[in-house]
């Protein structure tokens with residue numbers, strides 16, 4: 001696996017790996033601290049016939065002033081070893097000064113999708129996400145980009161960006177991978193202390209309960225309220241638990257074919273996200 005840290009080397013590596021554009025290239029964007037969920041995206045891209053590139057960049061513009069940018073786990077040597085083992089051909093590790101050089105003045109804002117749910121709790125978060133993803137897509141120029149289902153709102157924001165800006169890239173979503181107890185895999189799970197780690201699977205359990213209640217015909221408002229209450233009783237501070245349209249993220253009063261439950265809640269200082277299709 002090639003590891004590149006500047007744009008000229010990236011362009012040269014891309015040209016060589018794709019045989020001048022004759023082979024299809026996939027990008028798996030990450031912030032490092034890789035887990036099996038990330039690696040499953042690499043393997044899925046390979047199985048689809050792509051040469052695979054992965055980026056490792058902890059993007060400062062998607063963190064709020066009181067969030068965990070400085071303590072976000074960083075171990076690029078470990079991450080690169082895992083990527084190579086999974087069959088990744090190219091690792092792109094840019095510096096902040098490469099992604100945001102002096103004079104950088106452009107950002108990408110997605111109206112509507114960026115200001116609800118996670119965007120309401122973390123103002124400006126999706127501006128940072130959308131901007132860095134557009135930069136990465138412009139640098140790597142992949143035919144496809146792979147993202148995880150767990151960050152469902154992020155996927156919809158990126159799909160909207162790609163459609164609105166006519167970006168020639170296919171957005172592919174890989175399923176959420178879970179620990180044996182149901183907790184969605186996440187780089188931030190390592191922040192959980194033993195007591196909170198034991199409580200953490202409740203988030204997915206509650207989503208499944210709410211889904212079952214909705215399928216049994218319970219009114220959405222009652223099912224969601226019961227879910228929020230169960231999380232609070234289990235030690236979570238709930239940011240949101242909502243039933244939404246999977247594409248528009250508009251709130252729903254009853255499930256339909258495109259319905260999805262999205263949740264974010266905190267245990268101690270750790271925020272956990274999860275989602276299930278209804």
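Just so it is clear, glycine is given a Cβ too, placed from its N, Cα and C backbone atoms.
Feature annotations, courtesy of Swiss-Prot:
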BINDING   31-38, 148-151, 177, 185-188  ATP binding site
ACT_SITE  38  active site, proton donor
BINDING   62  beta-alanine binding site
BINDING   62, 154  (R)-pantoate binding site
Secondary-structure category, per DSSP, in which residue 154 ((R)-pantoate binding site) falls: helix
Binding-site residues (31, 34, 177), the one with most neighbouring Cβ atoms at 10 Å: 34
Which same-chain residues, if any, lie at least 6 apart from residue 154 ((R)-pantoate binding site) yet have Cβ under 8 Å of it: 118, 126, 129, 147
DSSP-derived structure type at residue 177 (ATP binding site), helix or strand or else coil: coil
Other CB atoms, at most 10 A from the CB of residue 149 (ATP binding site): 18
Using Cα positions only, nearest of the binding-site residues to the residue listed as 'beta-alanine binding site' (31, 34, 37, 177): 31
Around the Cβ of residue 187 (ATP binding site), the count of other Cβ atoms that are within 10 Å: 16
Neighbour-count leader, CB within 10 A, recorded positions: 37, 38, 62: 38
